[in-house]
Structures are given as structure tokens and as C-alpha cells.
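What follows is one structure encoded as C-alpha cells, with my remarks underneath.
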Amino acid sequence: MKLTYQFFIFWFFLPFFAISGDDDYKNLIFKGCANQKSPDPTGVFSQNLKNLFTSLVSQSSQSSFASVTSGTDNTTAVIGVFQCRGDLQNAQCYDCVSKIPKLVSKLCGGGRDDGNVVAARVHLAGCYIRYESSGFRQTSGTEMLFRVCGKKDSNDPGFVGKRETAFGMAENGVKTGSSGGGGGGGGFYAGQYESVYVLGQCEGSLGNSDCGECVKDGFEKAKSECGESNSGQVYLQKCFVSYSYYSHGVPNIEPLSGGEKRQHTERTIALAVGGVFVLGFVIVCLLVLRSAMKKKSNKYDAY
């Protein structure tokens, strides 16, 4: 059985992980569906798959990674994992993962009547679920599933060197847990070097050393696939990487888990906007009052 991935871009924005609204982590990036369905006359496989999804969604409220096996019979058992980005809070992780089971059915088809596909993967911007039937052919953790590159080159003579340094920081960061954006449940790193913002994430099943190697391989593929493009995202079987170049410097980027800081920023903006509104209102009132007084003065001057 060979897993055939069918890829498409549902939403494209730059930078991919950096400056995005709170709901963007639920946007669909790609899906992969096996070209074979599991015969399921008794409905056992479908029930195991349903139980698998229920367990994965439940655990996503407490952690950013889990691996689950549903069923005991080798012919109907299902193995699955979910992984959330390291900068998502538990509530965001749950919100993201809980969207996927219905998407699997919608994008890959299946059900008790016509059988479910024996393996599938649905990847959103902030999380993914992948599952496979017991005994399904295993693929390399560094097999490339999907990539997207920016349409423009950086036009910066020093870009390659800056990107290389940023890549090195990420490779070390996913191994040591050193990150500007949080982590947990698989190596995660988000940070910047000069004008390059970079992100790396591994599946929680990888150890630190394997994670570093996977991310390194991802960045090598990003260089070969995207050349000097100003941005790129590469998704491998067990890790994914992203980079974005900003000609005027990386803007202030908050991790999605920085709730307090973001709320404080939002309050500051709200106060600033409110202050501008009040100031404008006062100015208008003063202008009206001045106009009225001027008319009154002109009236007296006429006598």
C-alpha cells in the first residue's frame, strides 16, 4: 500500500507563522489521503478511527502532542498522533485539533458504508493529525510532504548568510528548548537573526538529536527548493520549518501563547484610540464654541 499525498494551498500568507490573527492557526495548509480504503463490513475500523479521534482531541486540551492506538486486532487497529505548534496554549491546541476529524471525513471521504482511507494527514497552520492502519508502510521522518516558497527574492547581498545563521540558531534551539516563543511536546524554536524570522517544530516522538537532524534536513530542503526566495515553508513527515525575510527588519512578533502581553498591547491600543477620539471630540467642541463666539462678536459689532 502506498500513501498518495494530494496537496493544495488553501491559504497563503507571509510570514507563515509570525504575524497572524489568533484564528489563523486553524487555516488549512495541506491534506494527504491514502488511495486505498479499508474494507469495513462490520464497522470496527470506523469505530476504532472514531475512538482514536476522540482520544486525540481530548488529550489536546492538556498537551501539545500525543500518540494513540485504537483497537487490538491487527487488521482493524488504528495508530494516530496529533501535534500542536509549540507556541499555542492548551486551549488553542484543543481548538485547532478538534477541527480536524471532520476535515478528514470531508477531504478524504469515507465512512462505514464505503470505508475509510487506511491513512490520512490533515495539517492546519497550528496543528496536525495523522493516522494509519496497523501494518501500514512506514515512511522516513524526513520525507518531504509539502513546500511553498515566496514569489520574490530578497535582493539583499547578505541574505544567504543571515538565513544560514538563523537556520543554525533554530537547529540548536529545537534540541535545547531555547526559543523565543515557548515550546513543549516536541522540539520547538521561533526566533530571529537580524532581518530573518525562523521557526522549527518537531513531532513529539522525536528525541532532541533526531529533532535537530530533521529540522536541519528541512532547512537544507528549503534552501534547495526555494533558493533565495524571501520566504519558505517545508513540511517533512516528522518536522516542519519556516523562514521569512523582512527588508526593514523583523517586526515585533508575539508568540500565540503570549496572551497577557498581547492583551496588554490590545488594551494600550484601545486606550490610545480612545484618547485620540476624546481629543478629537474636544477639538471639535472648541471649534464650534469659537465659531459661535465669533458670530456673537460680529453681531455686537454691527450695532
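Cβ atoms are placed via backbone N, Cα and C, with glycine included.
Over in Swiss-Prot, the protein carries these features:
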SIGNAL    1-21  signal peptide
TOPO_DOM  22-268  topological domain 'Extracellular'
DOMAIN    27-136  domain 'Gnk2-homologous 1'
DOMAIN    141-248  domain 'Gnk2-homologous 2'
TRANSMEM  269-289  transmembrane segment
TOPO_DOM  290-303  topological domain 'Cytoplasmic'
**Asked** What is the three-state DSSP composition of the domain 'Gnk2-homologous 1' (27-136), stated as helix, strand and coil residue counts?
**Response** 33 helix, 34 strand, 43 coil
**Request:** Take the domain 'Gnk2-homologous 2' (141-248) and count its residues per DSSP category (helix H/G/I, strand E/B, coil), listing them in that order.
**Result:** 37 helix, 34 strand, 37 coil
